[in-house]
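**Q** Taken from TrEMBL, the feature active site, proton acceptor applies to D67, H138. Annotated active site, for ring-opening step per TrEMBL: N136, E143, in sequence order. The domain 'Glucosamine/galactosamine-6-phosphate isomerase' annotation in TrEMBL covers 12-226.
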Amino acid sequence: MNILTFDSDAKLNEAAANIIIGQIQTTPRAVLGLATGGTPVGIYKQVVKEFERGMFSFRNVTTFNLDEYVNIPVDHPESYHSYMKSHLFGQIDLPAAQCHIPDGNAADLAEECRRYDEAIELEGQIDLQLLGLGHNGHIGFNEPAHALTKGTHIVGLAQETREANARFFDSIDDVPKQALTMGVGTILKAKKILLVVKGADKADIVKSSLQGPITTDVPASLLQTHPNLIVLLDNAAAGKLA
Ligand SMILES: N[C@@H]1[C@@H](O)[C@H](O)[C@@H](COP(=O)(O)O)O[C@@H]1O
């Protein structure tokens, strides 16, 4: 595990963006796993800024998002489809057919999960998986549980997660109760994982994820087993590491 800490948000975003861009530039048909939430916003902004300088293209890139809410209209401003369109996809030259996000409105959600896993498998392997971290240690929407699921599946969102995401909605009642998420097995199969965490409110969960026991109660702790994990933290998020 390679942990890097940063004293400014701008430097952290730049470092993360450079890793993503480097992957695109060095892998002929790069497959990226992408994340949503507050953390990657500045990273995507930096990627778009560099893209606009014309140094690289997304034409041969394929992307798979980690998750999507169930039963939220695709064009709802807080759907992850809308998020990706406004923060990244709408501003780069990535062909629409090459960006994949689970369909939380599919008539048969279990079938949609199978379809999503098959689409990932068809590409072989995710070259670089970008991850944020939930306050309870969730990655994607893999919430703490007695056992974790390998592939894409339907999850009930933890109350804590819905409360954390209520800031994006008018009220907590509007936060969907379920989501589709890539499984921990798929996440761990990525060739390289880039975990980005910001803020003092995540310092405790960063410590237990990276230096605590490996347990399904802290899904991110399984990342300790990955052979190629890069962790980018701001000083506040790194504050409790030994
Ligand atoms: N499903 C997403 C995760 O993919 C994200 O990493 C995490 C942290 O989000 P944030 O970066 O807003 O703290 O929670 C969200 O609910």
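Glycine residues also receive a Cβ, built from the backbone N, Cα and C atoms like all the rest.
Those TrEMBL annotations? Automatic predictions, nothing curated.
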**Q** Give the subset of the active-site residues D67, N136, E143 lying near ligand 1, defined as CB under 6 A from any of its atoms.
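**A** What lies within reach of ligand 1, judged by Cβ under 6 Å, is D67.
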**Q** Provide, as an integer number of angstrom, the distance between the C-alpha atoms of H138 (active site, proton acceptor) and D67 (active site, proton acceptor).
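**A** Counting only the Cα atoms, the answer is 12 Å.
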**Q** Tell me which residues of the chain lie with their Cβ under 8 angstroms from that of D67 (active site, proton acceptor), as long as they are six or more apart in sequence?
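**A** The answer is T36, Y80, P102, G140, F141, A179, L180, T181, M182.
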**Q** Let me make sure I understand the structure: which of the active-site residues listed (N136, H138, E143) has the fewest other Cβ atoms within 10 A of its Cβ?
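**A** Ranked by other Cβ atoms within 10 Å, the active-site residues N136, H138, E143 bottom out at N136.
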**Q** Can you grab the distance from N136 (active site, for ring-opening step) over to E143 (active site, for ring-opening step)? Cα atoms, rounded to a whole Å.
**A** 8
**Q** Tell me, roughly as an integer, the mean pLDDT over the domain 'Glucosamine/galactosamine-6-phosphate isomerase' (12-226).
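**A** Looking only at the domain 'Glucosamine/galactosamine-6-phosphate isomerase' (12-226), pLDDT averages out to 97.
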